[in-house]
Every structure is written in structure tokens, then in C-alpha cells.
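Have a look at the structure below, then the notes.
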Amino acid sequence: MSAIKDERNNDHLVQSHDPEHPANLIPALCRNFYGHGWVTGTGGGASIKRDNHIFIAPSGVQKELIQPHNIFVLQYPTPKYPPSARQYIRKPLELKPSACTPLFLAAFDRGAGCCIHTHSQWAVLVTLLVEREKGLEGCFEISNIEQIKGIPKGKGKGMMGFFDTLKIPIIENTAFEEDLTSSLEEAMEKYPDTYAVLVRRHGIYVWGDDVAKAKTQCESLDYLFQLAVEMHKLGLPWVKP
């Protein structure tokens with residue numbers, strides 16, 4: 001049986017009445033994110049790992065209109081590069097695989113159960129403010145804000161506290177999404193406890209141990225980014241002296 005025939009005949013992988021099935025969760029998440037303005041104009045994406053399968057939203061599709069039959073499925077583990085080596089076991093032939101795929105795989109290699117990519121305006125703005133205030137090597141930092149408690153300290157280390165300082169690394173954007181992979185992995189190595197990486201003038205990647213954690217961490221971070229922008233307008237420091 002050919003690889004293409006296999007990809008066409010695995011529709012059962014995305015057919016389920018269970019609302020918690022990845023093929024149902026990804027469209028629901030994308031509709032939710034569209035309402036926040038995070039995935040407008042087909043931007044952004046989401047991916048979920050279940051056992052040895054990776055479910056991924058397609059590229060170039062209006063995210064609020066995604067349906068379960070639009071979802072790609074990869075065998076895991078699978079090579080990041082070259083793209084032709086990736087082991088798709090379901091591939092809607094009329095759609096393009098997500099350009100975020102190798103970045104999602106980098107998160108799954110760190111034990112994540114879900115990875116989310118958004119084009120949040122607040123995320124973009126804080127990367128510009130950090131660049132202006134700290135230069136290209138600076139990271140986003142904020143402390144003494146209650147919502148910080150929604151972010152983990154690191155794997156198995158519990159959640160951050162009110163007096164902790166949250167640090168989110170920032171990497172430079174590239175012309176093509178997949179070219180961000182090495183910089184993302186370098187940031188993961190430099191900040192081993194982080195659950196997110198900002199991309200300057202682009203957006204953010206957020207991951208979590210499961211779907212609920214990735215979603216709530218993404219929400220908490222976006223809240224903090226918006227608050228940081230408003231604090232900056234008022235001349236208030238992000239990190240309390």
C-alpha cells in the first residue's frame with residue numbers, strides 16, 4: 001500500500017464523538033483563539049500529542065473554520081528535517097502541512113502534550129518594548145502580579161508565586177517559520193524552565209503538559225503582556241524594585 005493511500009485511508013484517526021479528542025479540540029481551540037484575535041488571517045496554530053500521534057492544524061486555513069477532517073496526523077517520534085522525512089499517517093492532500101511543525105516537535109521533545117502558536121498583538125508589542133529598553137539580548141520580565149501564579153516554575157517545580165520574577169526569552173524572527181526552529185531550541189536550552197518563547201515582531205509559542213495547561217498558560221501570558229504594555233504607558237516598572 002502506498003504512503004499516499006495510507007494517508008488517505010486513515011480518516012478514522014480524526015473521527016470521534018469525544019469532545020476531548022485532539023481532532024475535535026484543535027478546531028475548538030482555534031475558534032477560541034480567533035475570538036481573542038490571536039490567529040487572524042490564517043496565522044498561528046495548535047498541535048496536540050496523544051500517545052504516539054501528533055495532531056496538527058493545517059497551514060493557510062482560516063483558523064475559525066477548521067474542521068476535524070482538516071487535521072494532519074504524524075507518527076511520533078518523527079524527524080524534524082527534512083520535511084519529506086516526516087512520517088505523516090494522515091495528510092489532507094488539498095491542504096498544506098503547518099510550517100510550525102518542527103517547532104511543535106521541539107516542544108514535544110521536551111515532554112509537552114500541547115503546543116500553541118499565536119500572533120497576539122500584545123506579545124508582539126512586548127518584544128518591541130524589550131528591544132527598545134534592553135536591546136536584542138533582553139528577555140521579557142515581570143514580577144509582583146497575581147496572574148504570574150498561572151505559569152509553572154519548571155517541570156515538577158510547581159507554579160510561580162506572586163513575588164517571583166517571570167522570564168520569557170525572545171528570539172529573532174525569520175523569513176520562513178521553519179527557520180525559527182534552531183533559535184527556539186537554543187532558547188529552550190538557555191531557559192530550561194520556560195514554557196514559552198516570544199518571537200520578535202511575530203508572536204509566541206506556548207506549550208504545556210496537556211491541552212488545558214497550555215491553554216491557560218497562553219491566556220495568563222497574554223494577560224501579562226497586555227498589562228505590561230499598559231504599565232509601560234503609565235511609566236510603571238514591570239519588575240518591582
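Using the three backbone atoms N, Cα and C, a Cβ is placed for every residue, glycine included.
The model shown is predicted, which means the values in this text are computed figures rather than measured ones.
Per Swiss-Prot, the features are as follows:
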- E146: active site, proton donor/acceptor (ACT_SITE)
- C100: substrate binding site (BINDING)
- H117, H119, H202: Zn(2+) binding site (BINDING)
- 1-20: region 'Disordered' (REGION)
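Shown on the structure are the features that Swiss-Prot records.
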residue : record                             : Cβ neighbours (10 Å)
C100    : substrate binding site             : 24
H117    : Zn(2+) binding site                : 30
H119    : Zn(2+) binding site                : 20
E146    : active site, proton donor/acceptor : 8
H202    : Zn(2+) binding site                : 21
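Between the CA atoms of H202 (Zn(2+) binding site) and C100 (substrate binding site) there is a gap of 13 Å.
Neighbouring residues of the recorded Zn(2+) site, listed in sequence order and excluding H117, H119, H202, comprise G43, G44, T118, S120, A123, V199, G203, I204, Y205 (Cβ within 8 Å of the Cβ centroid). Taking CA atoms as the reference points, C100 (substrate binding site) and H117 (Zn(2+) binding site) are 8 Å apart.
Taking the C-alpha positions, the distance from H117 (Zn(2+) binding site) to E146 (active site, proton donor/acceptor) comes to 24 Å.
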